[in-house]
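Undergrad: Just lifted these from Swiss-Prot, have a look:
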ACT_SITE  200  active site
ACT_SITE  251  active site, proton donor
ACT_SITE  321  active site
DOMAIN    54-221  domain 'FAD-binding PCMH-type'
């Protein structure tokens, strides 16, 4: 069994960013009840509603456990039936193929809780908690250190896996530990060092473990009004520099130091370039937006075109930050 934490190609998309899932199950819808839980596995669940691009086909099987026991039962079911597992958070850094995904998709969106330790300034948060909501809650307490994250449209689990960041800060800077679940049901607590963090990456990517919760170290004791105002400034900065009026996945490409991917794309004359319903955003060139009616393959082909143009002009192959799941067909 292989587990992909979410967050195909020919030619230009690096293989490390592609998980090939050939979804060719029976079209008959069914529900499988997991013994000893209030959890059910559904077949042929459309994933477009669960991704920020609002595109993508169906999951062969889909489950959204509400507690660790149900999550363990879901992994056990996948292991017993030799199913590939894909973990889905907010779907904000994910491109799902129009053909869908085979195996079992486990959504963590119902794993929700947080515990604040007001003496130490630490907060322990479940994998399904929203990063922006957490940022506002922390700000209202007057705790410093999470203001930068208010504009990241994802969940705690996904942020831990990809080492999400903004404004020269990232998850690795404040993470104390992450609790992860293995397919055999064992739970480990790992430090940032054990997670092997790098720029937008960790050892959890492509591994067979699922993040269940994370503990962050913040700095309490500040004026809540001040921290809230700072958080609002970060949010406003995102709103004025990034497109929020159309569905997107956030930044599409990693920044190839010392350049910014957005600058390279803009200097290549690609702002506004469109394939089908997918367009390079006018406001920020490292965003691809769904202008309406886009297919996942439109977005994939636009990613490929951007890579080709930038490589021809700058001899730099942009590496996607977005995770692509399923089979795609290049134009």
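From the backbone N, Cα and C atoms, a Cβ is placed for every residue, glycine too.
So where do these features actually land, and what's packed around them?
TA: Just so you know, the Cβ of residue 200 (active site) picks up 18 other Cβ atoms within 10 Å once every protein chain is counted.
Here the Cβ of residue 251 (active site, proton donor) has 21 other Cβ atoms within 10 Å, regardless of which shown protein chain they belong to. DSSP assigns residue 251 (active site, proton donor) to coil, not to a helix or a strand.
Of all Cβ atoms in the protein chains displayed, 22 besides its own lie within 10 Å of the Cβ of residue 321 (active site). Following the DSSP three-state reduction, the secondary structure of residue 321 (active site) is coil.
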Undergrad: Between residue 251 (active site, proton donor) and residue 321 (active site), how many Å separate their Cα atoms?
TA: 7
Undergrad: State the Cα to Cα distance, in Å, between residue 200 (active site) and residue 321 (active site), rounded to an integer.
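TA: So the Cα of residue 321 (active site) lies 8 Å away from that of residue 200 (active site).
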